[in-house]
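As recorded in TrEMBL:
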REGION    1-37  region 'Disordered'
DOMAIN    122-182  domain 'CW-type'
DOMAIN    247-346  domain 'SWIRM'
BINDING   Ser364, Val568  FAD binding site
Amino acid sequence: MAADNSAPTTEGKRSARGKKRSSKLLDDKEDYDDSKRPRRACERSQCPAKVPICFAGATDRCAGSSWTSRWYHISPGEHFCNECFDHYYRAHKDGYTIFSDWKRIWSTHGKNEPKLMLFFADQMLPYWVQCTAKDCKKWRQLSKDAKFDTELVQRFKCGMSSSGVKKENQTGACQVSQDARVDLPMNRRWYSQVTSAPYLWNSPSATFLTGYYPDGVGLSVSDPSNRGAQEDPLAKYPKGLIQPFTNDGESRSALSFHPDFIETEENYLPHLSLDNPTLYLALRNLIMSLWADNIKEWLTVEKCSYNLLCRGLTRIRMVEDLPLLLQYLTCNGFINSGLLTIPSSLHISSDIQKDVIIIGGGISGLSAARYLHDMGVKVKVLEGRDRLGGRIHDTHQLVDCVGQGAQLLIGQTNNPISIIAYQAGLGTKVIKEHCNLMDHRGKLVDPLVDRRIDFHFNAMLDVIAEWRQTKELSHDINLLDKFFEMHEQFKEESQLPFTEEEEQVLQFHLGNLEYACGASLSKVSALNWDHNESLPQFSGDAVLMKDGYSQVVKRMSENIDLCLNTQVLGIDYSDDVITVKTTDKTYTAHKVLVTVPLALLKKQTIQFTPPLPEKKLQAITSLGAGSLEKVALQFNKKFWKSKTDEDDFFGHVPAEEKQRGLFNVFYDISTSTSDSGILVTNVSGEALNLIKDKTDKEVVNLCLYTLKSLFPAQTIPDPVNYLVTHWDSDPFAGMAYSYMPVGSDGSLYDDMAKDVNDKVYFAGEATNKQFPQSVTGAYLSGLREANKIILSLTSEITQVDT
């Protein structure tokens, strides 16, 4: 019967959706000529695609670059047509089962809703890979079904097939123009124009992040290697050495990140961290994981790009962002720290070489010198002593190495110094946490009393922390007075009595705090004594540097141009070329880094021409220069083991307040297997006045008297050897480490760290706001200033587009 072509009546009108269309009507080629239809541009605002091309090609009805009823926008260079959308969206289509299987996996293991747009980004986008030929570096597109892995990326050259097989003359292949779409992700606003970002496949970070949803940290849920149980990637290191990520719910530790959170200081890539935080996390976590996997090798952009596996043009943008992110993480000590060889490709050009002089051969000066030298900068170190190390100075006159300055490393996890020790094969010893307390009669303090007073001591500090929340700097008082004000207030309000023993144990804890501050608490700010605790601090065990810090100094100073016995008298930075006057001769340079201790700056042992800016001088005057002395005693036998067992240290509870800080803690730093042993103790706070006029022998006798009172049942022999330090009177030190005086705050450290006229720079523990009073802080400050100098020399300070 012939079809009825007459107009339909009202009675016979029905929806055409219920009718089955004839096969003829389904034949696009026969009934529709798409070439004659106007091509539809992408309707997304600001998308430049006037003639989009469907990347999916999922069905033979794919529009390609022809007309479609709707374009779906993934990125400015990536769209798929409505026909391909229907292929996976409609239940009666063949692709629906594929989408459903993917959706089930994502729903089971992922965090985000498994929408179809995400499916296309995760499964259908083609891959992009860069030619590794030295003179090419063009980007080429591979099919979505390519075997895309690190091996292919590492050896790909133009002309290779998707499986990495050479298919034509490669010389000629490199001459073929690059796809115009490659230019699109070069725009820093790329991420803001991506509607569904592709996640990473087979990422090294997956082994570190098994406790997180993969898509929450930028990893593809559909990749089996990104989910499920993994072997511990850190098992090859000493326990606690490296921890690139802080666990969920824990306070962030130094030089680590929460893997699913962008920290406040991570603002150096705003076009990525703000526009697509998940991709930023994926990129940052990838870098941190690769570094943690091998801390004996410099992590390069190339290695990161080889392991950066994802679909789409977004991979091009992420590879472009790698150098800046690597630079930030390196400059701030997160990666590439220690005794590593810097690739020659990163060295600054010889065309812009200028001389740099570093004043001071301590750890900050040497860390800066090594980094500058390894980056190809001409650098010279001037040191007033006949040795390197500054306040690091080890002696072997006793049976084992004894650090006259620092020897303990507090918090080894991610610590650059512990990483250097591992890289150099230097020995460390974990210090056990348990510490027995003994009173002046040798009686062991009851553990219950010890725990109670320890809790009370920390509770009083917590109360002070609450008090200062509403106080201005003008309301500051000294920490000692504030502590006892809170202590007396607690006793009055609680009506809880404190025994004489408990008050003495409290004095022990106050003495420990004075040791940590490097000054009597009567001089320390109650408002800001622990200002740096608001910033991430190093976690993990405290360790003893068995071979001393001098071994670190020795390795860091290799191949550096050093001038010992060279005391600097003046720095004239009034001209473009800086003049440095010493006791013997005059040197010239374009940049000068000053790393002398704060006490020497206070004494104006170096004259600056012109005078330093007022704010710098005020910081030098205001910041405290703390004092601390050390006593080391060598005995033929370890008599203390009768009470301390396997503990590494024991505490001395003072009989009265004026003895607080006098030999407060004794450390057993013995490392040899002989019967001989070494005890090291310190004098801090007001107790320094008790020894300032005594000879070394008198100080040792006073220390022996203390030991005899702690071990009354034993005959304490005279030490076979000893040493007493004199840092306070040392002409090249004059101090132990800095502290925060009453009426000051952490901004002093910032002022100390500021350069003067981009010519004179400053480093040292007293310039490190986050890690003052430490070797690590000094080391990191040197790296900080070295990077500032390099940026100044190359004039390549990155300007981020907005």
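Backbone N, Cα and C define each Cβ position, glycine as well.
Across the range of the domain 'SWIRM' (247-346), the DSSP-based residue counts are 49 helix, 1 strand, 50 coil.
Note: the domain 'CW-type' (122-182) comprises 18 helix, 10 strand, 33 coil (DSSP; helix = H, G, I, strand = E, B). Counting every protein chain shown, the Cβ of Val568 (FAD binding site) has 23 other Cβ atoms within 10 Å. Sequence-distant neighbours of Ser364 (FAD binding site): residues of the same chain at least 6 apart with a C-beta under 8 Å from its C-beta are Thr595, Ala763, Gly764, Glu765, Ala778, Tyr779, Ser781, Gly782, Glu785.
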